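> There's a structure below that I have some questions on.
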Amino acid sequence: MTTQKIVHTKSPDGSKLFRHQAKFVAGAMNINQIPNFSLPEIAFVGKSNVGKSSLINTICNNKNLAKVSNTPGRTRQINFFNLADKLIIVDLPGYGFANVPISVKEQWEVLISYYLRNSYSLRLVNLLIDSRRGIKENDKKVAELLLANKREFQIIFTKSDKVTDRKNLNDEAQNFLATLNYSCNVMYVSSRSKEGARELKASLAKCIKPQR
């Protein structure tokens with residue numbers, strides 16, 4: 001792979017797809033419970049309390065779809081949502097949460113890692129980063145895991161309404177991707193203001209299988 005300038009999505013929006021209702025179809029607390037789908041899967045991964053569930057609810061226009069909590073570590077299983085029989089949206093447990101037993105933390109890490117390495121239908125991973133915190137070491141490890149397994153991913157800076165100066169974040173993302181020798185979309189999104197929702201939907205809609 002060659003290092004390139006960060007790409008910002010300008011493709012047509014995916015609003016037509018996301019007008020449909022998404023529905024919960026499966027949950028997996030261990031690797032044996034992970035289902036196989038014939039539809040393409042798009043996953044959301046990030047540190048605990050980064051806003052994964054809130055973002056999924058925002059783009060799916062359903063505030064009750066994915067369970068949201070202010071308590072880190074609330075999502076304790078992989079949750080799968082079917083969107084119009086076109087896409088499977090995957091909400092992964094958050095990583096980096098310390099206030100759980102080590103055995104539970106290790107179980108989550110194994111579950112996340114196994115899914116990201118082995119899902120046959122996984123087409124795109126959204127690596128969520130809290131705009132207020134920046135890119136942390138465990139975010140880098142996840143990105144390295146994705147690259148090692150040839151997974152396409154994009155960086156999503158969440159809670160963008162909480163920051164005003166984005167130059168440092170842009171520089172950080174640029175340097176981070178350069179060290180990985182990887183080029184991808186970098187977006188700013190906010191579940192509160194809806195900033196970036198249209199661009200994110202457009203990038204996800206690209207993963208739909210072309211009709212024959």
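Using N, Cα and C of the backbone, Cβ positions are placed for all residues, glycine too.
As annotated in Swiss-Prot:
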type    : residues                              : note
BINDING : 46-53, 73-77, 91-94, 158-161, 189-191 : GTP binding site
BINDING : S53, T75                              : Mg(2+) binding site
DOMAIN  : 38-210                                : domain 'EngB-type G'
> Starting from the Cβ of K52 (GTP binding site), draw a 10 Å sphere and report how many other Cβ atoms land inside it.
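There are 27 such Cβ atoms around K52 (GTP binding site).
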> Select the most exposed residue of N49, S53, Q77, where exposure means the fewest other Cβ atoms within 10 Å, treating these as the binding-site residues.
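Least crowded of the binding-site residues N49, S53, Q77, by Cβ count within 10 Å, is Q77.
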> Around P93 (GTP binding site), how many other C-beta atoms are within 10 angstroms of its C-beta?
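By my count, 23.
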> If you count the other Cβ atoms within 10 Å of each Cβ, which of the binding-site residues G46, K159, V189 comes out on top?
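When each Cβ's neighbours within 10 Å are tallied, V189 tops the list.
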> Which state, by DSSP, holds V189 (GTP binding site): helix, strand or coil?
coil
